[in-house]
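Colleague: Features from Swiss-Prot:
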type: TOPO_DOM; residues: 1-42; note: topological domain 'Cytoplasmic'
type: TRANSMEM; residues: 43-69; note: transmembrane segment
type: TOPO_DOM; residues: 70-550; note: topological domain 'Extracellular'
type: CARBOHYD; residues: Asn87; note: N-linked glycosylation site
type: CARBOHYD; residues: Asn93; note: N-linked glycosylation site
type: CARBOHYD; residues: Asn115; note: N-linked glycosylation site
type: CARBOHYD; residues: Asn132; note: N-linked glycosylation site
type: CARBOHYD; residues: Asn209; note: N-linked glycosylation site
type: CARBOHYD; residues: Asn255; note: N-linked glycosylation site
type: DOMAIN; residues: 438-538; note: domain 'C-type lectin'
type: DISULFID; residues: Cys440-Cys536; note: disulfide bond
type: DISULFID; residues: Cys516-Cys528; note: disulfide bond
Amino acid sequence: MKEAELNRDVAKFCTDNQCVILQPQGLGPKSAAPMAPRTLRHVQAIVALVVVTVFFSLLALFVVVLQPWRQKQNEDHPVKAGLHGGNYSGSDNCSQFVRRAEMQEAIQSLRASGNSSSCHKEIQTLKYQMDNVSSQVQLLGGHLEEANADIQQAKDVLKGTGALASETQALRSSLEVASADIHSLRGDLEKANAMTSQTQGLLKSSTDNTSAELHVLGRGLEEAQSEIQALRGSLQSSNDLGSRTQNFLQHSMDNISAEIQAMRDGMQRAGEEMTSLKKDLETLTAQIQNANGHLEQTDTQIQGLKAQLKSTSSLNSQIEVVNGKLKDSSRELQTLRRDLSDVSALKSNVQMLQSNLQKAKAEVQSLKTGLEATKTLAAKIQGQQSDLEALQKAVAAHTQGQKTQNQVLQLIMQDWKYFNGKFYYFSRDKKSWHEAENFCVSQGAHLASVTSQEEQAFLVQITNAVDHWIGLTDQGTEGNWRWVDGTPFDYVQSRRFWRKGQPDNWRHGNGEREDCVHLQRMWNDMACGTAYNWVCKKSTDWSVARTDQS
């Protein structure tokens, strides 16, 4: 989090590439906050307009109604006008009674006067004006109702504004809580980043420590990866490379197993040596304790000898003997100390062997992981190889289909005709039976064989009663008819295809027998050297074999 801004109504958070703004719904800078004052001003303006309209309407009504009546009263009754203009100090009720009486007298005088028609017109005019005033009053009443409705709507808007204000306050409190949560989450994120950096440092140090030990294994894995890349590049040799990879891994596992066994033997020998060294150490410890006891005894003896030396000088020889023994004891003590240092060296060797064993176990585990990954990759390669083989088969099938389609188009362009899964060629020139068969074989076909009534009808329709050689002959064995393309000859089914009295094996003047069959609506045997048109038949499998001609 690069930047964060918190206001009373808006929270803004920015990173290196984006910013996020959090604000209560419907409380933008131009939304609900100014709505209440604006609506209030609108209501006040409507109320003022309605009041002014009502005032001026009443004023106009007053002027329109009273002005003609006053003019008429002043013209016809000057006395009564003078009375109105005089000093009258009665009460309001009395004045109203006098005015009513005056109006009644004026109406009676108007009725009695000779200008009754003009008065009637004025009365009609006053009624019309009164109707207009009534309509205006009704309009004003409608406007007043609309104003009341607007005022009620304004009150509702003000109530909604109060609700929005409370909702705004609630959203502000929620925003403050969210801001506190964001600050807390930011602190947690910083802690997580610190822990991540520490973890990365630890991982980096661990990687640096183990990189040297895994260098040899890494080279082996690189070789395996290079072999795998070679496998991916040429899947045709993938099986051989996979077997070599498995042999290599098996050889590596055998070597590692041998090394582990050797390490186990070494550990066993080291354990035995440790046991022996412990026993020697116990023996040396006992000897050291004995030597310490001897030293203490020697010190006691030396103290006694010193005491005796003070008393007599004859003990010098004994002191020298004791000194010699003391030197021997010192030499034995030095020997014991050297043995103790050898024991420490053996302990360090044992610890080194244990460390090497742990490293070997780690390498074995890594090799196992690499072996599993290699096996997984080999399985993937096998799957990819299967997919590739399937794709190659599909491509081969598509290629064969395309090739077949091209051959079909080529045959159609060469006037071959298709019927019931076979292609037939009907020649325009004439050849002998053997020449016609050789031509058909050169085209990958044979002279046509007929195996059904439908095929017979098709050949008859195309040949149109013109003689055409077909692939039936009994050369070699008279009466043993066979199709030249190897199709089995059905004597029973073929009886209906022969002309009446055929085959008759007629001998011609040149001595040649009729050993070949031609089609001219029906079958007939004929001398094979006769020149006829012919019909070739090609199978759609494109694998027609040539038979020997006798």
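Note that Cβ sites are derived from N, Cα and C of the backbone, with glycine treated the same way.
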Colleague: Any same-chain residues 6+ apart from Cys528 (disulfide bond) with CB under 8 Å of its CB? Would you list them in sequence order, or say none?
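Modeller: Within the chain, Cys528 (disulfide bond) has Cβ neighbours under 8 Å at Ser432, Trp433, His434, Thr473, Gln475, Glu512, Asp515, Cys516.
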Colleague: I'd like to confirm something. Which of the recorded positions, Asn255, Cys440, Cys536, has a Cα closest to the Cα of Asn132 (N-linked glycosylation site)?
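Modeller: Smallest Cα separation from Asn132 (N-linked glycosylation site) among Asn255, Cys440, Cys536: Cys536.
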Colleague: Which whole-number mean pLDDT does the model give the topological domain 'Cytoplasmic' (1-42)?
Modeller: 52
Colleague: Let me know the DSSP-derived helix, strand or coil state of Cys528 (disulfide bond), please.
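Modeller: SS state of Cys528 (disulfide bond) = coil.
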Colleague: Can you tell me how far the Cα of Asn255 (N-linked glycosylation site) sits from the Cα of Cys440 (disulfide bond), in Å?
Modeller: 69
Colleague: For Cys440 (disulfide bond), just count the other CB atoms lying within 10 A of its CB, please.
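Modeller: Excluding its own Cβ, the number within 10 Å is 26.
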Colleague: For Cys536 (disulfide bond), which DSSP three-state class applies?
Modeller: strand
